[in-house]
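This is the feature table in TrEMBL:
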type     : residues                       : note
ACT_SITE : His307                         : active site
ACT_SITE : His352                         : active site
BINDING  : Asn308, Glu337, Asp339, Glu386 : Ca(2+) 3 binding site
BINDING  : Ile643, Asp645, Asn669         : Ca(2+) 4 binding site
DOMAIN   : 20-127                         : domain 'PH'
DOMAIN   : 137-172                        : domain 'EF-hand'
DOMAIN   : 484-600                        : domain 'PI-PLC Y-box'
DOMAIN   : 600-729                        : domain 'C2'
Amino acid sequence: MELNGTAGKHGLEGDADLEFLLLGGELQKVRSNSWKKNRFYKLQEDCKTMWHESHKYLKSTQTFSIDDIEAVRLGRQSEGLQKYTDPSLEESCFSIIFKGRRKNLDLTASSVEEAKRWVTGLEKVITNMRGLNRQKTSEHWIFNCMRKADKNKDNKMTLKELKHFLHQINIEVDDTYAAVLFAKCDKSNSGSLEGSEIKHFYDLLTHREEIDVIYAKYAQTEGQMSAANLLNFLLNEQRETVSMEHAVKLIEKYELDDTAKQKKQMTKDGFLMYLHQEEGLIFNPAHKEVYQDMTQPINHYFISSSHNTYLMEDQLKGPSSTEAYIRALMKSCRCVELDCWDGPNGEPIIYHGYTLTSKILFKDIIKAIKEYAFKTSEYPVIISLENHCTVEQQKLMAQHMTSVLGEALLTQPLGDQMPSNFPSPEELKGYFLIKGKRLNKLDAAFNNNSVEEDESVSEEDEAAEENIQKPKEKKSKIKLAKELSDLVIYCKSVHFGGFEHARDDQAFYEMSSFKEGKAVNLADTSATAYIHHNMDKLSRIYPAGSRTDSSNYNPVPLWNAGCQIVALNFQTPSKEMDLNQGRFLPNGLSGYVLKPEFQRDPASQFDPNSLQKGAGYRKKTLHLMVISAQQLPKLNKDKCKSIVDPLVRVEICGVPADAASKETQSIENNGFNPMWNESFQFDVHVPELAMLRFLVEDYDTTSQNDMIGQYCLPFTSLQNGYRHVPLLTKRGDVISSAGLFVHIMVVDAE
């Protein structure tokens, strides 16, 4: 294999849009009304790095990785382009949105056609890179590192370059071992590696001893796996109920050697390829699609929910942005929050009241929500209004929502008579539901008993709590516009006056918001009553106002109590957000997950804090072996001694009786292919509510361990057998090529 191959093309060779990017061109970078500079941009030959000229002092060139791009958006969709460019340039503009907290790159092309070519080309390259299967990504990664190590660009590797390369891929070797490895590969005795020698070196480096052992056990046909051998492996090791036809399909799909494929046999390379694909991953591929019953009432589901959705950072001085809504919605968040205040020129604004957080127009948020609400999930979005506006601006809020959201805004109950229960996510597909205060009962919509004018209502619980400027009253009041009130259908906000009061005096659509402290206390002391409350009503939980750093609370005890809308700060990377991402990973990333039957059945007496037999759950035992890891990234690439010392922590998060954490030993100086072969056992009493979390850390004797990567999934979505576990960054993005290899066996407990 050549060092100078364009590893990133993978099927795009000769593509006109790719050639356009490789040729490059001038674009105008937009930062403000006065800062608009022409810069040259082009895709580098590796097809995974963008180069652009920079006029910064001491930095004449700059690059960024295609892998760092979250999305490319055609048109004046970013706040910067809307603010600093003329509407006539709508189709000549585009934005590159980066992962994490890096600022958008706002650009203007010289023509509409050119802008479209840039966007189409970049989207092709991004899609192509994301579509690389793990095996191809692995090769791509290794050869890229080899190119970097080839200091003099002669497509050969000296011993010095080899040692640099080993350091790049996280392996520290002493000089003797490096020389031995080098001599073994340098068949031509030329003092450098080239061509087939580099391939040999690559094979030595990527050898997986643990895969050899598994493969050898089942490869009983001419040294390879026949379809029958593979079926044997699938039935005995992976514990799958599949047929010979399925085994043959896997060979056709993943075998790389045509001769073996014709014989319906699988080589070791094909076997490794299969183990890296979705059929070989820990997450059950059947759960990638919507697989649950979506026709239950909406309160029978956990709903992915965001708090202070407008914030990109903290709650005191961080920026507010429409981008924050886009990111949350694209992650299938189904309940977003709008903190509404009177703005200048009669236009309501969104920001965190009485703080220095920046302000955005209410109507711009509604436009962004309309645009991105149903791209990841088609199931309903709840817009939770925290309303501090005067009546006049409330009327404008209602007008903006009605005009922008159009027929997708639910303004009447479904059906032609007063409902007695919630509709289902299936019935509400594509709809927006408004959560907020309402002046009258919902049946007014059917008996013409509507209010004629604006009246006062008590402030939202959360608004009242955070309204620190006002003197404390028993209940602060705000005047509510009839137009806004009439848009609240299934999510009418009311104060919580106890479970008995809610059962006897509240309609099904009247819901309460609970501050985390109160909610956790109820979940701890009155879990069964809370679960039964949530069988009839919706509950929303929000973080305490004291979390000015936008930190998060643990959502698990609230899910255990059947609470549906457990709102978290999506902008804050944390274990709590890892758990949220894992909770909503299955069911087609719909943002809705059906609660277990014992949280929906009125006859249930389930109490997560005091488990009893016969309460609707069945205890399981998890036998888990952490075998190995592959290509763990270095955390500090600038430090000379930055090879990682990895360890793996395995956690169960669920009911209190299931909470557990166990960890492997650390392995010194090997992030490339560390092997543990350590076994753990977990007893899981309530698998339906349990989550399994893997955390890979860099062990440090003198300070806190650094996180390398993590992955979280529901216990009920586990696959048995030998499985690869992908690893995500703290922000939830996949770390390409990195992963764990484990063995899973879930059995019924005695």
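Every residue gets a Cβ built from N, Cα and C, even glycine.
Give me the structural setting of these features: burial, nearby parts and distances.
Here the Cβ of His307 (active site) has 28 other Cβ atoms within 10 Å, regardless of which shown protein chain they belong to.
Averaged across the domain 'PH' (20-127), pLDDT in this predicted model comes to 89.
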Nearest by CA distance to His307 (active site): which of the binding-site residues is it, out of Glu337, Asp339, Ile643, Asp645, Asn669?
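It is Glu337, whose Cα lies nearest.
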If you count, for each of the binding-site residues Glu337, Asp645, the other Cβ atoms lying within 10 Å of its Cβ, which residue has the minimum?
Asp645
Out of His352, Ile643, Asp645, Asn669, point to the one nearest Glu386 (Ca(2+) 3 binding site) in space (Cα versus Cα); all of them are recorded positions in the record.
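Going through His352, Ile643, Asp645, Asn669 one by one, the closest to Glu386 (Ca(2+) 3 binding site) is His352.
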So how many other Cβ atoms are close to Asn669 (Ca(2+) 4 binding site), meaning within 10 Å of its Cβ?
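Neighbour count, Cβ to Cβ under the 10 Å cut-off: 15.
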How many helix, strand and coil residues does the domain 'PI-PLC Y-box' (484-600) contain under DSSP?
46 helix, 23 strand, 48 coil
Can you break down the domain 'PH' (20-127) into helix, strand and coil residue counts using DSSP?
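Counting residues by DSSP class gives 35 helix, 45 strand, 28 coil.
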Between Glu337 (Ca(2+) 3 binding site) and Ile643 (Ca(2+) 4 binding site), how many Å separate their Cα atoms?
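So the alpha carbons of Glu337 (Ca(2+) 3 binding site) and Ile643 (Ca(2+) 4 binding site) sit roughly 42 Å from each other.
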Measure the Cβ-based neighbour count of Asp339 (Ca(2+) 3 binding site), defined as the other Cβ atoms within 10 Å of its Cβ.
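Result for Asp339 (Ca(2+) 3 binding site): 24 other Cβ atoms within 10 Å.
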